[in-house]
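Peer 1: Pasting a structure below so you can have a look.
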C-alpha cells in the first residue's frame, strides 16, 4: 500500500517504466485507492491510542527507549546475579523484572482489551499485580535467601 501511495504522489516509480505510462494507470485507479484509504481510515483510528501529535510522539519515544533500557539492564543483571550474588543485585532484579513484566502485560492489554470500562479494570488489575509482584520479591529478598541464591539452589538440584 505504501508503494502505491508513493507511486501516486510521483515520488517513486518502478525501474524501466516511463512516467507517461504510469500517469494513465494512476489516474484511473486513484478513485479506487482513495475509496480504499477512506474505508480503512476508521479502523486505523479506532485501533490506536492517543491521537498523533508531537507530545504523544515524544512520550511514546521516551517510553520505548525506557523499555529497551530495562531490557538491556536485564541482560546485564542476569550474569551479574550469577557472578556477584547479593542484596543489591537481588533488589535490582526485583525492580527490573517487575517493570519489564508490567510493561509487557500493559502492551497485551493495549492490544487485546477494548472498551473504556474493561481497559480501566484491566489496567487497575495490572497495577495491583505489579505492586504485589514487587512487594513479594522484596519480601523474598529480605526475609528469605533472595532471588540470586534461590536460582542457584534450583540449579544445584
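Heads up, the Cβ atoms here are built off N, Cα and C, so glycines get one too.
Worth saying up front: this structure is predicted, and the values here are computed from it rather than measured.
Summarising the annotation, Swiss-Prot assigns transit peptide to 1-45 and lists sequence analysis as the type of evidence. Here Swiss-Prot flags 46-61, 110-118 as topological domain 'Mitochondrial matrix', drawing on a curator's inference. What Swiss-Prot records for 62-83, 89-109, 119-140 is transmembrane segment. Summarising the annotation, Swiss-Prot assigns topological domain 'Mitochondrial intermembrane' to 84-88, 141-157 and lists a curator's inference as the type of evidence. Annotation source Swiss-Prot lists heme b binding site at 100. Marked as ubiquinone binding site by Swiss-Prot: 112.
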Peer 1: Fill in the CA-CA distance, the residue listed as 'heme b binding site' to residue 112 (ubiquinone binding site), as an integer in Å.
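Peer 2: Here the two Cα atoms lie 19 Å apart.
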Peer 1: Helix, strand, coil residue numbers for the topological domain 'Mitochondrial matrix' (110-118) per DSSP?
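Peer 2: When I sort the residues of the topological domain 'Mitochondrial matrix' (110-118) into the three classes, I find 6 helix, 0 strand, 3 coil.
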Peer 1: Within 10 angstroms of the C-beta of the residue listed as 'ubiquinone binding site', what count of other C-beta atoms is obtained when all protein chains are considered?
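Peer 2: Counting Cβ neighbours of the residue listed as 'ubiquinone binding site' within 10 Å gives 9.
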Peer 1: Could you tell me how many residues in the topological domain 'Mitochondrial intermembrane' (84-88) are helical, how many are strand and how many are coil under DSSP?
Peer 2: 2 helix, 0 strand, 3 coil
Peer 1: What same-chain residues lie close to the topological domain 'Mitochondrial intermembrane' (141-157): Cβ under 8 Å, and 6 or more beyond its ends?
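Peer 2: For the topological domain 'Mitochondrial intermembrane' (141-157), the sequence-distant neighbours (Cβ-Cβ under 8 Å, at least 6 residues beyond its ends) are 81-82, 85-87, 89-91, 93-94.
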